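Summarising the annotation, TrEMBL assigns region 'Disordered' to 1-24, 576-609. If you look up TrEMBL, you'll see 97-123, 143-164, 185-207, 213-233, 374-394, 415-435, 455-477, 498-522, 542-566 marked as transmembrane segment. The annotation compositional bias 'Basic and acidic residues' is assigned in TrEMBL to 600-609.
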Amino acid sequence: MEIEKKAKNSEEMDGEKEVKRSEPRRGGIRTLPFILANELCDRFASAGFHGNLISYLTQELNMPLVSASNTLTNFGGTSSFTPLIGAIIADSFAGRFWTITVASLIFELGLVSITVSAILPHFRPPPCPTQVNCQEATSSQLWILYISLLLTSVGSGGIRPCVVPFSADQFDMTKTGVASRKWNLFNWYFFSMGLASLSALTIVVYIQDNMGWGWGLGIPSIAMLISIIAFVLGSPLYKTVKPEGSPLVRLAQVIAAAVKKRKKALPEDPKLLYHNWELDAPIALEGMLLHSDQYKWLDKAAIVTEEEARNPSTKPDFWRLATVHRVEELKSIIRMLPIWASGILLITSSSHLHSFVIQQARTMDRHLSPSFQISPASMSIFSVLTMMSGVVLYDRLFVPFARRFTGKPSGITSLQRMGIGFVINIIATVVAALIEMKRKSVAAKYHLLDDPKAIIPISVFWLVPQYFLHGVAEIFMSVGHLEFLFEQSPESMRSSATALYCITTAIGNYLGTLLVTLVHKYTGNERNWLPDRNLNRGGLDYYYFLVTGIQLVNLVYYFICAWFYTYKPVAETTERNKEEDLEQANEHISSYNFKDGEEEEKRGFTKDE
């Protein structure tokens with residue numbers, strides 16, 4: 001009877017396996033045209049909307065420079081905080097596909113709102129071409145702006161934390177799978193985003209400055225609508241990962257269980273802690289996290305009491321007992337936080353630079369020919385071009401070269417990549433300060449310091465070196481930061497990890513607003529570093545040097561954190577079809593490659609007839 005029962009079960013499992021094989025395979029490189037089309041149009045819309053918005057606020061709504069810059073930074077911070085909510089929604093119940101779709105519709109609504117306000121004259125104050133004694137926008141006019149910005153912030157909250165993880169869901173992202181590919185998903189993601197930004201900063205910004213803001217904001221709205229359509233059309237091909245409950249709840253459960261068992265003694269052998277491969281299978285498709293010796297007090301959440309050991313077949317109460325894998329998820333997040341925090345002061349120091357450089361460019365000679373001049377906001381294309389070409393060179397030249405010395409598939413680690421980015425960013429800020437000193441010296445030479453609308457006879461291309469350096473820093477810092485968070489976070493929390501990346505921007509933007517406000521308030525009226533109207537009489541170069549000092553302190557902090565960081569220990573599932581392996585974990589042989597390839601464990605059983 002036992003043999004017949006086993007044979008029957010084997011036939012049922014083989015039948016289920018045959019059904020799964022008959023289903024079309026989802027995911028893979030064929031999904032990229034739809035995902036990238038969505039992302040290209042989405043980033044085109046976003047860059048076209050935000051890239052020159054400082055000009056819309058100061059030239060159309062007549063807002064003072066510091067007020068306008070703080071407004072954009074605050075809403076930039078909000079749009080970087082909302083991804084945490086979007087990540088929780090995606091990971092808990094909605095899934096990444098539906099979160100991206102609904103959030104894109106909300107973002108589109110915000111774009112349409114501000115486009116309508118730009119077309120209808122009574123939503124703006126009277127024009128002020130002299131920029132002297134201008135009538136500022138009324139409260140009601142500003143509320144239209146704020147509502148539009150809020151809708152785009154909410155929309156960004158659903159898009160930003162899910163796009164990269166959703167793209168990664170389509171591929172094998174285990175250590176073995178990544179090493180087998182000759183291209184880096186994160187590098188090419190940033191390249192595609194750069195291509196879209198480049199298009200927006202040339203086409204859309206030119207239209208905004210020369211054809212009006214109705215068309216200038218309407219085109220991004222149309223692009224966003226196209227991105228939604230492209231994304232939805234690819235839905236039959238996407239591989240979707242079923243949400244397995246809020247990861248934040250799991251983290252809270254581990255803490256609660258550890259607190260409840262704080263007086264219990266840990267066993268000497270970590271193998272005696274609670275392991276349950278079947279329970280953890282849905283949240284560990286790429287491999288189980290191994291026990292680590294850090295933060296041992298959290299291990300108490302996995303202590304099995306006598307009462308809990310009596311009924312091993314019943315599902316445990318996770319508020320009282322957690323598996324080692326879930327404990328290690330929390331440890332991974334705790335280990336990441338110091339490195340994650342190092343990005344905050346970097347954003348703080350650079351959050352307002354884009355707005356200030358546009359105002360600098362507006363006072364400089366921007367002519368490419370006697371009849372054509374480049375738009376101030378379009379100067380960002382030099383940073384984007386550097387990033388795009390740099391990503392290709394990094395992937396094709398730098399990585400193979402570094403691999404010869406390090407033996408690592410990625411050439412250098414994500415932490416080393418971030419450190420190089422920090423250093424280059426400091427150099428870029430120093431160069432920005434020196435160029436501002438040069439710009440003001442030329443203004444003084446031609447007696448133009450007191451004319452805020454005057455065009456100083458110095459080429460705008462003096463700003464190119466700092467844009468170039470910021471682009472290079474982006475290749476190392478931003479890509480490395482996102483890569484680090486993605487690699488070192490538990491796989492079930494990747495949307496949340498991407499949200500952490502966005503929250504870095506949010507906190508940095510808010511601190512940047514505080515920094516600019518304090519500098520504007522306490523640097524006096526006559527020689528204010530950041531004046532409202534006349535940048536020629538300001539001390540923007542002093543502000544750049546202040547920012548450089550902040551970045552140097554942050555660099556020391558980062559080096560200390562990186563030196564003591566411990567990478568997460570993980571056992572990777574090597575079979576290609578992980579879903580079948582996990583469902584039949586007790587019937588089939590599963591093999592796991594331990595980190596660094598030092599140890600291999602095999603499990604199996606034989607049938608006796």
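A Cβ is built for glycine as well, from the same backbone N, Cα and C atoms used for every other residue.
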Handout entry: Same-chain residues near the transmembrane segment (97-123), Cβ under 8 Å, at least 6 residues beyond its ends
Key = 38, 42, 45, 49, 56, 60, 86, 89-90, 141, 144-145, 147-159, 162-163, 166, 212-214, 216-218, 220-221, 224-225, 227-228, 231-232, 235, 238, 240
Exercise for the section: Could you pull out which residues elsewhere in the chain have a CB under 8 Å from any CB of the transmembrane segment (374-394), counting only those six or more residues past its ends? Expected result: 51-52, 54-55, 187-188, 190-191, 194-195, 197-198, 201-202, 205-206, 208-210, 354, 357-359, 361-362, 366, 368, 460, 463-464, 467-468, 470-472, 474-475, 479
Problem - Proximity of the transmembrane segment (143-164) to the transmembrane segment (498-522), 3+ C-beta pairs under 8 angstroms - result: yes
Practice task
Give residue numbers and ranges for long-range contacts of the transmembrane segment (415-435): same chain, 6 or more residues beyond its ends, CB-CB under 8 A.
Solution key: 339, 342, 346, 349-350, 353, 357, 462-463, 465-466, 469-470, 472-481, 483-484, 541-542, 544-545, 547-548, 551-552, 554-555, 558-559, 562, 565
Exercise for the section: State the residues, same chain only, that lie 6 or more residues beyond the ends of the transmembrane segment (498-522) and have a CB under 8 A from a CB inside it; answer 'none' if no residue qualifies. Expected result: 66, 69-70, 73-74, 76-81, 83-84, 86-87, 160-162, 164-165, 336, 340-341, 343-352, 481-482, 485-486, 489, 528-530, 543, 546
